[in-house]
Amino acid sequence: MAKTPESLESSINEITDRALDRDCTTLSRHVLQQLQSFSPDAQDLSALMNRIALAGKLVARRMSRAGLMEGVLGFTGEVNVQGESVKKMDVYANDVFISVFKQSGLVCRLASEEMENPYYIPENCPIGRYTLLYDPIDGSSNTDNNLSLGSIFAIRQQEGTDSDGKATDLLANGRKQLAAGYILYGPCTMLVYTIGKGVHSFVLDPSLGEFILTEENIRIPNHGSVYSVNEGNFWQWEESIREYIRYVHRTEGYSARYSGAMVSDIHRILVQGGVFLYPGTIQNPEGKLRLLYETAPLAFLIEQAGGRATTGLVNILDVVPKKLHQRTPLIIGSKEDVAKVESFIQNGH
């Protein structure tokens with residue numbers, strides 16, 4: 001039965017109202033809505049997410065001009081604490097996060113994969129109760145090729161005074177994270193986050209200079225066709241991982257997708273389902289990815305979306321690091337697909 005003009009107008013108004021409500025939902029407003037509170041703790045978390053968003057805007061602006069500016073692309077000639085060659089964009093993004101959080105008054109320490117030790121902000125430490133852990137640029141090898149990149153972040157509450165400057169309270173499992181997420185720098189700049197109340201995505205509207213809500217309570221499919229892994233490392237892996245790769249090669253319905261930027265690959269899997277693997281190798285069974293800056297934040301987010309993250313033997317969020325820059329293997333994504341990889345690791349099939 002055809003709708004009456006009145007009911008049609010009502011439907012249009014309802015759609016318009018929903019669109020306007022979405023357009024008005026900024027990141028800071030959304031955090032407060034999620035916490036259903038204007039308590040000091042809720043306002044702190046909202047302010048911290050605003051700072052992360054500002055860092056993302058600054059990095060995105062720099063990237064959008066990278067091909068037009070001197071001194072942005074290429075390597076610095078230095079090596080970081082991980083033994084990796086440092087890109088100029090790594091240094092810039094790391095400095096951006098430090099500068100942005102110096103002004104927050106809430107963060108006493110920042111810990112990054114680019115710095116051997118945490119960066120302390122003395123003027124914030126008397127009142128700053130939080131620590132930001134982050135990977136300023138994920139996939140920096142993509143920078144010079146104009147491909148997608150990302151930033152990964154987590155917020156933890158400081159425990160104790162850390163008077164000796166060793167930050168031992170950070171050596172705790174991933175369930176201590178208050179918030180985590182990533183910023184994806186692609187055709188648009190997207191921020192995806194969780195504070196333990198689901199996973200939500202925002203897109204940077206350049207005309208407003210604001211991250212605007214695009215999707216709430218994202219759920220990862222239980223199974224997907226995509227597997228994402230650098231198959232160039234095939235002969236460096238344990239036989240169990242090689243057997244899994246042989247399995248997906250001979251089984252109909254699987255598609256390989258690997259961009260070289262973990263944030264980009266995991267975002268695809270969050271939306272479409274599937275599994276991302278960065279296993280250890282025979283020579284380095286602990287893997288390459290850093291627990292505190294990369295795997296734990298992403299594990300928190302994916303679990304909140306209904307997925308799983310594991311080393312192959314242990315849930316990532318249950319791993320207790322022994323040192324700040326501890327590495328770990330990572331299998332992350334849809335529940336069924338992660339379970340299949342685990343089965344190969346634990347049972348050989």
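Using the three backbone atoms N, Cα and C, a Cβ is placed for every residue, glycine included.
Computed from a predicted structure; not experimentally measured.
Annotation note: Ile137 (Mg(2+) 1 binding site) sits in a strand segment as assigned by DSSP. Residues annotated as Mg(2+) 1 binding site in Swiss-Prot: Glu113, Asp135, Ile137.
In the three-state DSSP scheme, Glu294 (Mg(2+) 2 binding site) is classed as helix. Every protein chain shown contributes to the tally, and the Cβ of Glu294 (Mg(2+) 2 binding site) ends up with 25 other Cβ atoms within 10 Å. Marked as Mg(2+) 2 binding site by Swiss-Prot: Asp135, Asp138, Glu294.
The annotation substrate binding site is assigned in Swiss-Prot to Asp138, Gly139, Ser140, Ser141, Asn230, Tyr258, Lys288 on the grounds of sequence analysis. In the shown protein chains, 14 other C-beta atoms lie within 10 A of the C-beta of Ser141 (substrate binding site).
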Message: Distance check, please: Cα of Glu113 (Mg(2+) 1 binding site) against Cα of Glu294 (Mg(2+) 2 binding site), rounded to an integer number of angstrom.
response: 9
- line: Cα of Gly139 (substrate binding site) to Cα of Glu294 (Mg(2+) 2 binding site), in Å and rounded, measures 12
Statement: Around the Cβ of Tyr258 (substrate binding site), other Cβ atoms found within 10 Å total 17
- prompt: When DSSP states are folded down to helix, strand and coil, where does Glu113 (Mg(2+) 1 binding site) land?
  reply: coil
